[in-house]
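Trainee: TrEMBL lists these features:
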- 1-34: region 'Disordered' (REGION)
- 15-30: compositional bias 'Acidic residues' (COMPBIAS)
- 29-139: domain 'Ig-like' (DOMAIN)
- 195-291: domain 'Ig-like' (DOMAIN)
- 378-450: domain 'Ig-like' (DOMAIN)
- 480-578: domain 'Ig-like' (DOMAIN)
- 588-684: domain 'Fibronectin type-III' (DOMAIN)
- 686-781: domain 'Fibronectin type-III' (DOMAIN)
- 785-873: domain 'Ig-like' (DOMAIN)
- 882-977: domain 'Fibronectin type-III' (DOMAIN)
- 991-1079: domain 'Ig-like' (DOMAIN)
Amino acid sequence: MPEPVPEGKPAVDAPAEDGADSETDGDEPQSTELTGLFVEKPPNSVVAVAGTDVTFIAKVDSTSLTRKPTMKWLKGKWLDLGSKAGKHLQFKETYDRNTKVCIYTYEMKIIKVVPGDAGGYRCEVTSKDKCDSSTFEISVEGEKKKKPEKEEPEIDVWELLKSAHPSEYEKIAFKYGITDLRGMLKRLKKMKAEPIVHSEAFLKKLESCYSVDKGKKITLRCEVVDPNVQVKWLKNGQEIKPSAKYIMEASGNVRTLTINKATLADDAAYECVVGEDKSFTEVFVKEPPVTITKLMDDYHVVVGDRVEFEIEVSEEGAHVMFFEDQEIHKDKDSKYRFKKDGKKHTLIIQEATLDDIGMYHAWTNGGHTKGELEVEEKELEVLQDIADLTVRATDQAMFKCEVSDDKVTGKWYKDGVEVLPSERIKMTHIGRFHRLIIDNVKPEDAGDYTFVPDGYALSLSAKLNFLEIKIDYVPRQEPPKIHLDTTGNMVSQNTIIVVAGNKLRLDVEITGEPAPTVVWSKGDKVRALSNVFDTEGRVRVEARKDLSCFVIEGAERDDEGNYSITVTNPAGEDKAVLFLKIVDVPDPPENIKCTGVGEDCASIVWDPPKFDGGAPVKGYLMERKKKGSSRWTKLNFDVYESTTYEAKRMIEGVLYEMRVFAVNSIGMSQPSLSSKPFMPIAPTSEPTRLTVHDVTDSTCSLKWLAPEKIGAGGLDGYVIEYCKEGDTEWVVANQELCERQGYVVRGLPVGEKINFRVVAVNMAGRSPPALMSQPVTIREIVEHPKIRLPRDLRTKYIRRVGEKINLTIPFQGKPRPIATWFKDGKPLDEKIVNVRNSNVDSILFIRSAEREHSGTYELVLKIENMEDRASINIRIVDKPGPPLNVRATDIWGFNAALEWEPPKDDGNCDISGYTIQKADMKTKEWFTVYEHNRRTNCTVSDLVMGNEYMFRVYSENLCGLSEEPRMSKNTAVIAKTGVTPYKEKDMCCSPKFTQPLVDRSVVAGYSTAISCAVKGFPKPKIVWMKNKMIIGEDPKYLMQNNQGVLTLNIRKPSTFDGGKYSCMAVNELGKDEVECTLNVRVPQPLQELLWYLWETTTV
């Protein structure tokens, strides 16, 4: 679901000018605050004059979008205006390709605004995972309509809604001031339904509205009159196509539309269409309230800390609003950031300040939580305080302090007055250290010195004391001497070990008179020191009384080497050499690669790091991950000493990558480069059920089944190998992999005993071999021929003419037997019957069987002087011919005796019976008397006196009745006895109405009927007329004639259907006519409403 972008602040209302666009010609107050994807939005409120045109413009910046944005214009919550495009609503989309700015412009134009256009609107733009929306209101002003002279009767809105079309609900609600449209529809559904209006297409229409929870299934159901009719389902006027979401079903007269996993997009109007008739309904999708499953925590932080208020909601993609004093928006320059991860929503404050103190709230449509944020000033920790100093004239005084934050600045004060830098006074700030250095100290420099960090209620103070010593100077000389402290960092004499990145400070005590000159050197590089020295730089030399300090800030590998210190004065010279060893974490291991894989394991090897960091490598730590993933999994927690490792518990068929860390006493190296992707795959298990299928003098046919376990590596094929008994050298029988589960090994020596084995091969290698339990002797085995005739062919094989015959006769015998077919003792003509022989069976095939294919077929199987025979009796049957010599042999009373002879052609099978039929000579309609009569005679009873009958007989066999019957040679006349002849009466008469039409008065809109009755012979022709005009095939009228009762049905008559109706009956003997008057009256309230509608329309 796209992440919603918060809307901007509402703009000031500005009315639109008459006839002018409300967007393009607006003043500055009409603009909205632009956020998200919109560059320009419609104004929040527009007042339009009825009858004028109004245009709304929205512009979208697609620079950051991967797809073209899609714009929707909506009215209310669910009404998509795109389906209403036409003369009243027009939509336009433009894109300027000549400019480099990717701006899409969307326009909605309302032609001649009417009051029904007032209401809330929304424009919504989406593009893949991003969306933005803007809402605006339209108010319509215009001249009030003239009220009719008659006082408008009170109208029941609910009665009006019950009879209105669902598409008119919103218009009626606006007209009568109903604001809660959803509540109105629920109440309307609960009200007692009106009597169902008759529909020609629907037996039962759709319900007026349906309600469903989001994510659930709903079924729309209706019943149609014609069970074979095809229906169409529409959504907001657009036809719905069947899919996994929309399932359309038809069962008898019932038609259903099932909507699976309903979303807010399914909240729409639906129609079921049958021809010109329609059934409407509304579907309302209820969005479940989003609850908060993980509440917001309180935070207590210091200034500058990062704060993350995290909550978890019950549904992904839910809209969550964060508030402090007001709603928090994600602006470009805002310090607030929002993060969404599935159901988790996080409000992030990058650097907390004292202004952020307060209560923070998170709201969803179904829950609320809050958390308190407390922010404190960050405390500054003093790591080294400044100390009191006592110095002599011309000496140097240095105040030094160290605080916990290297970004803190500060000021130096002497006796409450800020100290300013000069040539003699210097102030430095390096990292966490702050120094105040005073050269050539004078008596006026004595006093109280204070360091005050900026932004903190903290001060560090110390006192400078000036020492004035008056002595008589007696020059004295003493040779210089270097006093090295061999404890501490020295692991052996004159060797110092320092961890890379750490600080080295080596204080060397020096004695001698006068004060000696100190020179530090590394190789050819010399650092000279006199009374003036540089305290800046990463590698530096600092001077103290009787001390020389060698300092390295953040030791590096290049700092390793021999360092020498030389001190000289007029009395002599001294020198000392130090070796500085820098130890560090090792370099990453190299050449990580996989040397072998198994079903769930892999063997990994690597090379040790080129540089061990100056300390022996203790071991390694390994990590692995799936290819494409960013999550590494540790494989060992204890240091692993070898450079070969077998990784286990892996998933077969998944690509993995490995990396290795080297560990020494200093720490862990950076990770190595990832290995090339590898996949754990195991060979298959051995093939199963290896058996010998056939053996000849030079070949052996083997068969087997696939391995029980194949795995992710699949199965590429099989390798067949053999060797002589007693040998250990296996010979490959197939040069290419065998994909089938059978193989014939050729070129074997006759009489030798051979061992066979089969190996399955896939991309992981060869499987364990499947071996024969004992060697196979290569020699042809003579086996007697044997025909295994199927059970159904051991009796008579019957087929109908035209059917296909395909007989497979399996046999056995070695060497390959010779199969020969005979028919009725003669060799089979293979031009008429097809025969195919193989090593194990013989197939007899007839494409279309004929009567002449009947007979006894014999298969003869021969191997040298041995043979076997099998016979098959095939009979091809057809329908029989008609019986012979059908005749009536005797007639008495109401009975007749029939006899006949069997047919000449019995269809090549036994006659199973006969079917006898009779027919009256007058009507000549045939009626079946007997079926499946097995004898060649029968007695026909219940004949009608005075009638003459003829008879016919069908013969019947396995294929059915004969194509044609055999007619009886004579007829049977049932004579009348003692009956007076009947004289038929002449019934002819001219038409005459026995019941006239009656005048009627009916209510408009209710179907009615007028009836009359007529007699006459021959049957008269009926003509209905209205006002002396013949009523034709008008669908409004339905004319019926039931045994002379004439009815004219008039469907839902209106006032125009009133008048004189007449009915005229005509035959060849004359005619007659009746008439009546039909008066259609309109109910008084409806008449007044029609009068009011007519007047408002004319105005």
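Even glycines carry a Cβ here, placed using N, Cα and C.
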Trainee: Decide whether the stretches the domain 'Ig-like' (195-291) and the domain 'Ig-like' (378-450) have at least 3 CB pairs under 8 angstroms, with pairs required to be 6 or more apart in sequence.
Mentor: no
Trainee: Considering only the recorded stretches 29-139, 378-450, 686-781, 785-873, 991-1079, state which has the highest number of Cβ pairs under 8 Å to the domain 'Fibronectin type-III' (882-977).
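Mentor: Most contacts with the domain 'Fibronectin type-III' (882-977): 785-873.
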Trainee: Which residue counts does DSSP give the domain 'Fibronectin type-III' (882-977) for helix, strand and coil?
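Mentor: Helix (H, G, I), strand (E, B), coil: 0 helix, 52 strand, 44 coil.
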Trainee: May I have the DSSP-based helix, strand and coil counts for the residues of the domain 'Ig-like' (991-1079)?
Mentor: 3 helix, 58 strand, 28 coil
Trainee: If you run through the domain 'Ig-like' (785-873) with DSSP, how many residues end up as helix, strand and coil?
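Mentor: Residue counts in helix, strand and coil order: 6 helix, 52 strand, 31 coil.
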Trainee: Could you give the number of helix, strand and coil residues in the domain 'Fibronectin type-III' (588-684) as assigned by DSSP?
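Mentor: Residue counts for the domain 'Fibronectin type-III' (588-684) by secondary structure: 0 helix, 42 strand, 55 coil.
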